[in-house]
Amino acid sequence: MSLLPYALARPFLFGLDPETAHELTMASLARTQGTPLSLAWCSSRVNDPIALAGLKFANRVGLAAGLDKNARCIDGLAAMGFGFVEVGTVTPKGQPGNPKPRMFRLPEANALINRLGFNNDGLDAFLANVQQSRVRRQNTPNPLILGLNIGKNAVTPIENAVDDYLTCLDGVYPHADYVTVNISSPNTKNLRALQSDEALDALLGRIAERRESLARQHGKRVPIFVKIAPDLDEAQVDVIAATLKRHAMDGVVATNTTLSRDAVKGLRHAEEAGGLSGAPVLEASNRVIRQLRAALGAGFPIIGVGGVMSGQDAVSKIRAGADVVQIYTGLIYKGPELVNEAALAIKKNR
């Protein structure tokens, strides 16, 4: 367990603007990781290994992309007990994202709305940070699995999006345990159009070709996952599942944030533009996971994410068909203690 209960820090952090609180937390984490001060949030890692997509995960709870967009805090995040950590989304060039304010808390619903828009420092800075991480340089029996999440720049026309994804894939490939192709953020104009039949087929076809070339060049085949939205009907999920299999993708991350506001109507900030995350997304995400599992069959890796606020929520994703889960908004509301709570619940209830 953490030596400093998150309950002591949360009132201070929740007294700040959400993005200011996030920046302060990440800056503190970056400065203290690997030092004695990190004992304030360190935790022993639950041992519950699983082999997935050719990788060995130490346990079944990971960090979702979006918290550490620039890969500055890999070591500090690893110390919280995660079995895997996904950082990004990174784009070829740095970009500021959408105008502020762009992040809003809905505490009555244990939820957040964000319209950040892939704000990040760009691929070169991202890769420099990845390479400086201590956990990536340590030779341990159960190393941290690191996922690198890639996207497109806002100024890149959607018809040229594949060029941005290939640029990022070229850069991250030597450094990633797996790569996630993010085509589901609602905060980059037209990005979700890449989930449609023909667009997804074309994109994944190019990515698959480039991966084969990179595998020959680097002497290793890095698994590629695709992150999709919760706002899909059954027919759309079936098309995506078939396209993933056709292009030999290694897994799917389900799901990103939702545009729906049905679960938060009437709450302050509920009508802000952006993606809704947290508790209200749990069932929508689980529905997509169930549909994916039915369409993909047993054995196709699914990372379940969306609305995990407790150990029981994590178990619900495994029962829906996910192999492992990720958390992000739950970490903000519940603190690092949620990592082990979720990992232990999955271990006990599988």
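Positions of Cβ are set from backbone N, Cα and C atoms, glycine also.
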From Lys69, Lys220, Lys245, the one annotated by Swiss-Prot with Asn114, Arg115, Leu116, Gly117, Phe118, Asn182, Asn187, Asn256, Thr257 for substrate: Lys69
Spatial neighbours, same chain, of Asn256 (substrate binding site) - Cβ under 8 Å, 6+ residues apart: Asn182, Ser184, Ser185, Pro186, Lys227, Ile228, Ala229, Pro230, Gly275, Val305, Gly306
For Asn182 (substrate binding site), the three-state class that DSSP assigns: strand
Rounded Cα-Cα span from Gly117 (substrate binding site) to Lys69 (FMN binding site), Å: 11
CB-centroid shell, 8 A cutoff, substrate site Lys69, Asn114, Arg115, Leu116, Gly117, Phe118, Asn182, Asn187, Asn256, Thr257, site residues removed: Gly66, Thr89, Gly97, Ser185, Pro186, Thr188, Gly274, Gly275
